[in-house]
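Undergrad: So that we are looking at the same thing, I have put the structure below in structure tokens.
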Amino acid sequence: MASLSVKPGQRFTLPDWQNNSILISADAEQQRYNSHHIRQEGRALRNETGNQAKWDEHNSRTQLKDRITIVDRWRETLARCLTEIDLEIDALTKMKEAAENALQAKNLCLDVAIECLTFRESRRDIDVVRDPVEEELHREVKLIEKTKKDLQQRIDDAFKQLCLLKEARQQLNCDYQHKVEALELDRQCVSFNPTSGNISFKVNPTRIPYGTTALHEWEQNSQCNKDRAEAEMKASVDLRGAITLTIAQTNNELDAQRIATEFALRKRIRDMEAALNELRWQEQNTLEEIAEMEEEIRQLEEDIRKRTLDLKVAHTRLETRTYRPHMELCRDQAQYGLTDEVQQLEGIIRVLQQKRTESQDALDALYRQLHRIQTDIGYKTNSLQLDNKCMDTRRKLVVPVEKFEPEVDAVNRTRNLPRSSQLEL
């Protein structure tokens, strides 16, 4: 008889088998849930990191463009300053050459004066005197030597200033070239994108290179270069003006001083006339304002008088209503209205009185200002008369006494006749 074979190993019960299936299903669902959660987190992370990367790249690109704009603006400023300093160097060089030519021209004048003195040394006996001609010649020699010394000093100053200008230009040009290179590099950085062929990983790209400067130091350096160039250009302009003035003075110092004095005197007369016209205009306006302010004060006083009468009426009404008999003495709407009217009128009167006080103070200030204006008009009228007399007197420097005709005083309507002593002089 055949026997049933028995497999070795543990035997599980049906509940174990069912629990195992349930556990496997639960684990599968849990793993699917975990996987779905991780996928969702990964998707959100990809979106977040992608957006962050795009925003960071956009922000970096914007900052690079802003930096390019700032550097380019400074480049244009430095280029303009370079052009101006080149023009100033050329102008100062020409002015220095003009001073050298003027100095060279003075040698001929000096030679002529010395030659004249040498000729006069050949005089004999009693003719060897120190006459006015010799004195004028010696004075001319001294004046020419002083003029040559002044011109030589101006030439030396121009040479030193040219050195300073060229040094400032060298710094400007160096700064300009550095900014051109920086612009080229920044524009190249802006052109980079993920598809560029020349991008790669670098060793420690976030390091701070040696010699790195702060932003305020960078801007301060360019500003200092620009300020120094402008200061040197201003000094050069002043020096050119001084050289021009020196050359003009060497040609005719007395005429230059006379012209400058008369120019200043004419300008003073014009300013004085303008100041007088302004003061007269202010006087007229002040008088008009005083009249308007006085009228306004009269109107305020009239309104105060009217409001006072209205207040008297309200007071009288209130006082009269206090004599109502017994129960008729009640606080009705008329009583409230009269009370409010009294309060309103009292407030209005206070405001009007305050405004009248302010207006009176303003009127007093106007009167004080009018007195100041009229006093100043008197002072300036007297000064203008004196300046006109000075200008009329200075006409004798260029007009012969025989042809001198005094002008009519525009203020006093009188003729400014020269004195007998002046005629004799």
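Every residue, even glycine, has its Cβ placed from backbone N, Cα and C.
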Undergrad: In TrEMBL, which of 134-161, 190-217 is tagged coiled coil?
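TA: In TrEMBL, the coiled coil feature sits at 134-161.
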Undergrad: Out of 17-58, 269-310, 353-394, which range is noted as coiled coil by TrEMBL?
TA: 269-310
Undergrad: Within the same chain, where does the coiled coil (269-310) have neighbours whose Cβ lies under 8 angstroms from its own Cβ atoms, ignoring anything closer than 6 residues to its ends? I mean 6 or more beyond.
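TA: Sequence-remote neighbours of the coiled coil (269-310) are 341, 345, 348-349, 352-353, 355-356, 359-360, 362-363, 366-367, 369-370, 373-374, 376-377, 380-381, 383-384, 387-388, 391.
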Undergrad: Over the span of the coiled coil (134-161), how high is the average pLDDT in this prediction?
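TA: That stretch averages a pLDDT of 82.
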